[in-house]
Ligand code: HEC
Ligand code: HEC
């Protein structure tokens with residue numbers, strides 16, 4: 001009697017293991033299909049100046065677009081996610097030092113990475129938010145590239161990306177945005193230059209950097225990082241609707257909201273928004289208030 005029960009229990013456990021492995025196998029297969037998809041794109045080449053004013057603009061953009069969050073302030077690369085279940089994801093060394101970009105990595109390759117989310121083999125770059133960068137105008141993209149290319153070479157190994165089982169499953173389910181290339185309209189041409197001024201139009205242009213977390217409509221919702229705090233609604237129907245321009249600027253520079261909440265950099269990256277100029281924050285405020 002007892003051995004019969006044991007036998008059945010063993011069969012059930014074995015059956016469950018087989019089911020779990022099969023399901024995981026399917027997820028793994030779909031993940032590989034996404035990761036190995038090869039794209040055909042025509043990169044529109046634009047001139048990349050190398051004067052000091054452009055490089056300085058590029059430095060500011062490198063800071064406000066959060067490149068340093070994943071590639072480090074000095075471009076040597078940085079581990080972004082390191083979790084046994086999710087995986088290890090690191091932005092690579094994007095200097096021309098040993099372990100970084102090869103000497104042959106040219107302006108077309110930079111544009112392909114930033115505007116199309118693809119590597120030199122035309123395969124998707126993981127996690128790199130190119131669906132936001134692709135919305136930048138020629139002037140700004142050129143300035144970022146000019147800045148990056150002007151940085152000193154650093155010898156530091158790029159840490160290879162290794163996805164864990166949970167990371168693959170969540171990405172296939174669309175819970176973590178691993179394949180920005182899939183969200184890009186690869187034929188869309190960006191304007192030459194958007195007018196920089198304290199206007200809501202310029203605010204809309206800048207808000208591309210907020211949509212990854214606050215969602216395209218900026219009304220917030222689930223956090224793209226599994227298990228993290230929900231993302232706030234930052235349109236006029238949220239707290240921002242009650243804030244003065246001064247409140248808004250102070251919040252984005254200090255992380256302290258008028259309601260007395262201290263935003264944590266790991267949730268809301270105000271270390272990044274603190275780098276915006278007054279003009280940029282005013283433009284963002286005007287745009288968000290118009291929603
Ligand atoms: C959220 C993290 C994140 C941010 C922000 C980010 N990157 Fe990346 N980037 C990555 C990761 C991860 C890779 C490696 C992806 C891969 O190899 O699949 C990468 C790769 C690259 C590459 C190498 C492409 C190649 O062909 O190997 C370049 C160049 C680059 N990023 C530039 C930038 C610049 C410039 C910015 C800011 C405008 C930026 N990145 C912002 C995560 C990020
Ligand atoms: C990496 C994800 C991320 C990005 C990028 C991001 N935010 Fe946030 N933001 C959050 C999260 C999460 C919260 C809620 C934090 C909390 O409740 O503690 C938040 C909160 C806020 C708040 C406070 C809202 C309130 O009701 O108190 C403002 C304002 C804000 N974000 C503005 C912006 C703007 C403007 C941008 C773009 C320039 C931006 N955020 C980019 C994740 C992000």
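Cβ coordinates come from backbone N, Cα and C, glycine included.
What TrEMBL says about a protein is an automatic prediction, not a curated fact.
Database features, via TrEMBL:
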type	residues	note
DOMAIN	53-152	domain 'Cytochrome c'
DOMAIN	198-291	domain 'Cytochrome c'
TRANSMEM	12-31	transmembrane segment
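Counting residues per DSSP class in helix, strand and coil order gives 44 helix, 13 strand, 43 coil for the domain 'Cytochrome c' (53-152).
Beyond the transmembrane segment (12-31), the same-chain residues lying 6 or more positions past its ends with a Cβ under 8 Å from any Cβ of the stretch are 163, 165, 168-169, 171-172. Shown for the domain 'Cytochrome c' (198-291): DSSP residue counts in helix, strand and coil, namely 44 helix, 4 strand, 46 coil.
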